């Protein structure tokens, strides 16, 4: 709002200025997997290339015995155990990663789901068959001993088997699972989806929210809230209203978590608007990235360590771990030590919640509870008003994250800026065409291998030149909502770009990846770990695009559809034919 005088009121102050004397609680109670001297010494000794490996190891004996043995060992070395002795201790008291999981072949997997017949290009159809086959490789089931002896594991027990992302990610992850479920439903695997949904509903019942992932060290942070959307897709596919009726109050309970723990109020021109942010007021380094978080903290004054660690967890809660998006507005935006996730009101989080409010209102109406339907309908209307007042920029044709401290929008490009379009949280039908103009103005349509995560090359994995499958979906399906043939054609061309990149890399490497480098159409890089194969949400988005555009998509062997001038030609053609 140009010329507005902004007045900021924060309802939650934790995390916006913690002093060194204000120690935050650890991410979980375990003195092995979440905090304590054993965790510290093992991780700082860097026994493994990836810190996640140690905190994923099951215990061989009871945790009290392990801690007592470690205390005795440490006492013999003046409390600093040599690396060789640490290695021996871990070998004696811990089991190899993955012992508590077993591979699982989904019982509802079938040879030839119907959507494959919609794919005209024979090479793409054969590739889609391979992607469909990957569900068998990504299925996991938790062994019963995790239920009977939970204290010996960092894994959180889930009753039903599930599909994992792949690579180092052998447990469930919250927001990944939405795009996985979309792919599973296309593969006609509704029973697998129902089981995964039930696991998530059980977690909400137990903890009040869905953790970031299926480990105890993830317990105090969530991820983008897509549970209600998952339920919507399952019910739309199956018509299973009984399952919805049984669990609708649990869906409402999850939204209560975000309302009670992640809410802020921002005033503009005398009007107060309630929105949400990512915010994890828990201390200590992330156990799965312990040494990196500790090293990063030592580049800062000791009094700011707790704030740093809380902001890193908030960045992980966003799903974008990490990105220039969470560094903007800081004194040193090139350093991860300046991360300030909780100081920003994210476009995507509020769009996801807006969509969930709309869906929940519709669910209650279908089940005959009009008072609850009205409640969530009103919450959605209030959120759309807040999105429009605080995050929408009419001149640029997009929404932007709002900086609470600096009281201004972050006008950098991120695909998340268009999430309200994907989520249907807008009132002006012309917004999709404005979004297209925004993409053109930002020169995003010049990238022929995918939509970049940002235009800033920081070395963080959620920045240029990486592109991620869910962000392609946000933009493509958002544009596809437009009644304009021109905008719909650009959505198709963006889908063609992404499918070609995925297909080409698969043709070279026989693998799907969590992210791609659009500067060279290869697997992505950067961030805290090596690029991972699998890969759940990448497979899901590819199947969604193949289903939506299967009659038009090309493997590229006959037509060169992907050069930047092709997009320009498509736009020109659409103008001439309107």
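Positions of Cβ are set from backbone N, Cα and C atoms, glycine also.
Since we're looking at a predicted model, the values are computed, not measured.
What Swiss-Prot annotates here:
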- 1-19: signal peptide (SIGNAL)
- 78: N-linked glycosylation site (CARBOHYD)
- 168, 175, 176, 212, 221, 222, 223, 286, 287, 288, 319, 528: substrate binding site (BINDING)
- 261: N-linked glycosylation site (CARBOHYD)
- 321: active site, proton donor/acceptor (ACT_SITE)
- 369: N-linked glycosylation site (CARBOHYD)
- 514: active site, proton donor/acceptor (ACT_SITE)
- 555: GPI-anchor amidated serine (LIPID)
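Closest by Cα distance to residue 261 (N-linked glycosylation site), from the binding-site residues 168, 176, 221, 223, 287, is 221. Between the farthest pair of Cα atoms in the substrate binding residues (168, 175, 176, 212, 221, 222, 223, 286, 287, 288, 319, 528), the distance is 21 Å. Summarising the environment of residue 287 (substrate binding site), the number of other Cβ atoms within 10 Å of its Cβ, over all protein chains shown, is 27. Each of the recorded positions 78, 369, 555 was ranked by the number of other C-beta atoms within 10 Å, and first place falls to 555. The two recorded residues, residue 223 (substrate binding site) and residue 321 (active site, proton donor/acceptor), have Cα atoms 11 Å apart. When the C-alpha distances from residue 221 (substrate binding site) to the recorded positions 78, 369, 514, 555 are tabulated, the minimum falls on 514. Residues near residue 321 (active site, proton donor/acceptor) in space but far in sequence (CB under 8 A, at least 6 apart, same chain), listed by position: 312, 315, 461, 462, 527, 528. Across the structure, residue 287 (substrate binding site) and residue 369 (N-linked glycosylation site) place their CA atoms 43 angstrom apart. Shown in sequence order, 175, 223, 224 are the residues of the chain, 6+ apart in sequence, with a C-beta less than 8 angstroms from the C-beta of residue 319 (substrate binding site). Each residue contributes its Cα atom, and for residue 176 (substrate binding site) and the residue listed as 'GPI-anchor amidated serine' these two points are 26 Å apart.
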